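To start, the structure under review is shown below, and the notes come after it.
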Amino acid sequence: MRHRIAVVGGGPAGLTFARVLRRHDCPVTVFERDPAPDARPPGGTLDLQERLGQLALEKAGLLAEFEALSRPEGQAMRILDADGTVLRDWLPRPDERANPEIDRGRLRDLLLGTLDVRWGRAVTRVVPGTDEGAVVHFADGRQEAFDLVVGADGAWSRVRPAVSPVTPHYTGVTSVETALDDVDTRHPDLARLIGDGSMAVYGANRALVAQRNSGGHVKVYAQFRAPLDWHTHLDRADAEAVRSALLALFDGWAAPVRELLRRGGTFVHRPLHVLPVSHTWPHVSGVTLLGDAAHLMPPLGAGANLAMLEGAELAESIAAGPDDLDEAVRAFEERMWERAGRWARITTAGLERLVSPDPAAALALFDEVQPS
Ligand SMILES: Cc1cc2nc3c(=O)[nH]c(=O)nc-3n(C[C@H](O)[C@H](O)[C@H](O)COP(=O)(O)OP(=O)(O)OC[C@H]3O[C@@H](n4cnc5c(N)ncnc54)[C@H](O)[C@@H]3O)c2cc1C
């Protein structure tokens, strides 16, 4: 039996789901709000773990291509204190493949391949349980019915209200992102400071993280505890005003570290929101969620990994038990909730320690998780 299956969202969750379904010869329709794959900057770098994101790529038949595109050297991690003293300088072994980095844009292109995505199709809501099935409503006024609608539409999911009334809440930590280009030629001093992978500087209730992407591009994240409205006196479109505000927040930090903020281009404001740890819902026939739509958590290296593995596992569950779609989804949801709940607890505790009144807490966390 051929089911009518739709996935809303062409991020890591939705694309992996579609790729694995297609590998099992199951048709699926992907709806994405962006008008085109390159409609907005793809974002920074992602580390994909062996037993999560890489396993998902294996299920999609894309692991060898990932290995060719990823950057194992990007696993390097350097930790400094606010005075600029290097506290840890971890380099991966040449054969280390536990968490190689990949640019988000490269991962998206790898997952897209020849998938047929319906671009520019923003979903406004999904109504389950009608005579036609679950009905998807679009911003342009159109509607389409499916046997299963999978919400993989991220933090502010429009599918989620069909299964759960819960919405994300603010963690108390804000991240402001900036970037440097051609760092090796234009900013060789900062290239040396950062190293081959990531560099993190921890102070009281503040952190500054710089991550290499390919092609000499570096993303810098200033993270700090602040009320959600900390910026109300600022014009966030005025890069110089934001830069001054950030330099004031990181006042007293070592000059080379502050240079990351001085030389960054534009600034993007990202207050960190999360869903409650262990977010679940009573099963709703015809609709489910994947990835951030189901379990938005602090960005500590798990979200995309979980999103991709869930996409792959839901697809496999559907392909393995095609007669009872509902049962396949139900079995998948139990598995997703258990694993996502575990990671939500880990990342929530992690954020508390990384942006903490005591910078030693961040260093201790690094020592616990980093292979020596
Ligand atoms: C700074 C930062 C660094 C991170 N680093 C890592 C990392 O190293 N490793 C890791 O595992 N995770 C990381 N994460 C988390 C990771 O980015 C997310 O968990 C992951 O992108 C979730 O994937 P997703 O497919 O569920 O959602 P998303 O990536 O948010 O994709 C959702 C898609 O749905 C589309 N969409 C949204 N609304 C609609 C709509 N109404 N109709 C149609 N389409 C819609 C969006 O345009 C988007 O394409 C990081 C996050 C941040 C912010």
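Note that Cβ sites are derived from N, Cα and C of the backbone, with glycine treated the same way.
On a predicted model such as this, the values are computed, not experimentally measured, just so you know.
In this structure, Arg40 (NADPH binding site) belongs to neither helix nor strand by DSSP; it is coil. Here TrEMBL flags Arg40 as NADPH binding site.
Of all Cβ atoms in the shown protein chains, 28 besides its own fall within 10 Å of the Cβ of Asp292 (FAD binding site). Marked as FAD binding site by TrEMBL: Asp47, Arg104, Asp292.
The domain 'FAD-binding' annotation in TrEMBL covers 5-320.
Residues Asp47, Arg104, Asp292 are the ones the record ties to FAD, and the longest Cα gap between any two of them is 16 Å. Residues within less than 8 Å, Cβ to Cβ, of Arg40 (NADPH binding site) and separated from it by at least 6 positions along the same chain comprise Asp34. Contacts of Asp47 (FAD binding site) defined by a Cβ separation under 8 A and a same-chain sequence distance of 6+ are given as Gly74, Gln75, Asn99, Pro100, Glu101, Ile102, Gly301, in order along the sequence. Restricting the average to the domain 'FAD-binding' (5-320) gives a pLDDT of 97. Under a cutoff of 8 A between CB atoms, and with a sequence separation of 6+ in the same chain, the neighbours of Arg104 (FAD binding site) are Pro42, Gly43, Gly44, Thr45, Leu46.
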